[in-house]
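Asker: Dropping the structure in here first, questions after.
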Amino acid sequence: MAPAWQVLPFLLLAPALTSAIPFNCDGENDSGHTFIGKSLKGPKKIFHTENFGVSTRNTTYTIDLCDPLKRDDEVDKDMQCHIGTRICAQSYLYHANDTVMPEYVKDITGEYSTDSGRSMDSKIKWLGAEDDSKEGFEVTMHGGRFPFDDSNGKPQRAIIEFICAADLTGLEGFDEKTRRDEDEDQSPNPDQGKSLQFVSYNTGDKVDTLRLSWKTKLACTEAQDVDAPKKAGWGFFTWFVIILFLLAAAYIIFGSWLNYNRYGARGWDLIPHGDTIRDLPYIIKDFASNLMSRVRGEGSRGGYSAV
C-alpha cells in the first residue's frame, strides 16, 4: 500500500509548488513521483443548465482524465469533438415548443500535437500553498480552442480542483448503483451526489476557463491507494549474478595490475589464468563434442547392454 506522498504527483516533495508537465493520470511524471488515477479513468458526464425564459441551454461536459475521448455514435458528427480531446462541451438549446437545437461544441482540453501543434501543457499545483484549509491539488489543462479550426479562435482551458474527501473514491454518481438510485429519485439536478461537479465556465479576454471540482480520497495526504503499482525489485538470483560479476571483474583487474607491477607481464600474461581463459573456447568445444559422442553412443546400442 502506497502512502499519499507517492500517490500525489510530487507536490508535497518537490521544491517548486508548480510544474508544467504532460499530464499522466496513472504513471510516473517528470519529478519521478507517481499519481495513481486509473480508478478515475473513463468518460464522465456532468451537466450545466442555463434558463433564458423562452429557452434553456443544456451543456454536457464529457471528461476523461486519462485517455482521449472516443466517438459517440449517438451524437451527430457536427457535435463531436476532435480526436485527442480530454474534455468536450456539447451545448443544446431547448425551446418552449419542445424543439431542440444544437448550439455549439467546444474542445476544452486535449492533445492535438499532430493536428494543430497544440498540447495540454498541464500544470499541477498543491492547494495548500495558497490556502492552508484546503487539502488536495489543482490540475490545469490546455489545448482546446473555439472555433477549433480558426487560427484566431479563443484558447480554452480547464482547471480541476481535486479536493480531499477520505470517504469518497471519486466515482460517486457514476457507478451503476448510483445511477439507478438517481433514476428512481427523479432529482431535477442530474449531478446531485456526484463527486465531480461543475463550478463555472468563464469567458475571458484571452482565454475561456472551465472550472470543475472533484472530491476523492486520492487527494488526501493520509490516503493509501491499494491499487498503487509496486515497482518490482531485483531478486536474489539477479543480485547473485551481479555480485559474482563484480567479484570476477575485481579479481581480473587486481590480478592484471599485480602481474604487471611484479613481473612486467604483457598481453595475455597480464590476465590471471590467461592460458586457461584463452583456451576456454576449445575446452568448451571439446566438452560438447565428448558429450554428444556419449549421447550418440548410448543411443546406438539398440536397447542391448554391453557384456
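Easy rule for this one: first residue shown is 1, then count along the chain.
Cβ coordinates come from backbone N, Cα and C, glycine included.
Quick paste from TrEMBL:
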COMPBIAS  187-197  compositional bias 'Polar residues'
DOMAIN    44-222  domain 'MRH'
REGION    177-197  region 'Disordered'
SIGNAL    1-20  signal peptide
TRANSMEM  234-258  transmembrane segment
Asker: Let's see if you can do this one: DSSP helix, strand and coil counts over the compositional bias 'Polar residues' (187-197), in that order.
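Answerer: Secondary-structure breakdown of the compositional bias 'Polar residues' (187-197): 0 helix, 2 strand, 9 coil.
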Asker: Quick test of the contact rule: Cβ under 8 Å, at least six residues beyond the ends. What residues does that give for the compositional bias 'Polar residues' (187-197)?
Answerer: 44, 46-47, 63, 165, 168-174, 178, 181, 212-216
Asker: Between 0 and 100, where does the mean pLDDT of the domain 'MRH' (44-222) sit?
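Answerer: Its mean pLDDT is 85.
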Asker: Do any residues, 6 or more residues outside the transmembrane segment (234-258), come within under 8 Å Cβ-to-Cβ of it, and if so which ones?
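Answerer: Same-chain residues near the transmembrane segment (234-258) but 6 or more away: 270-272.
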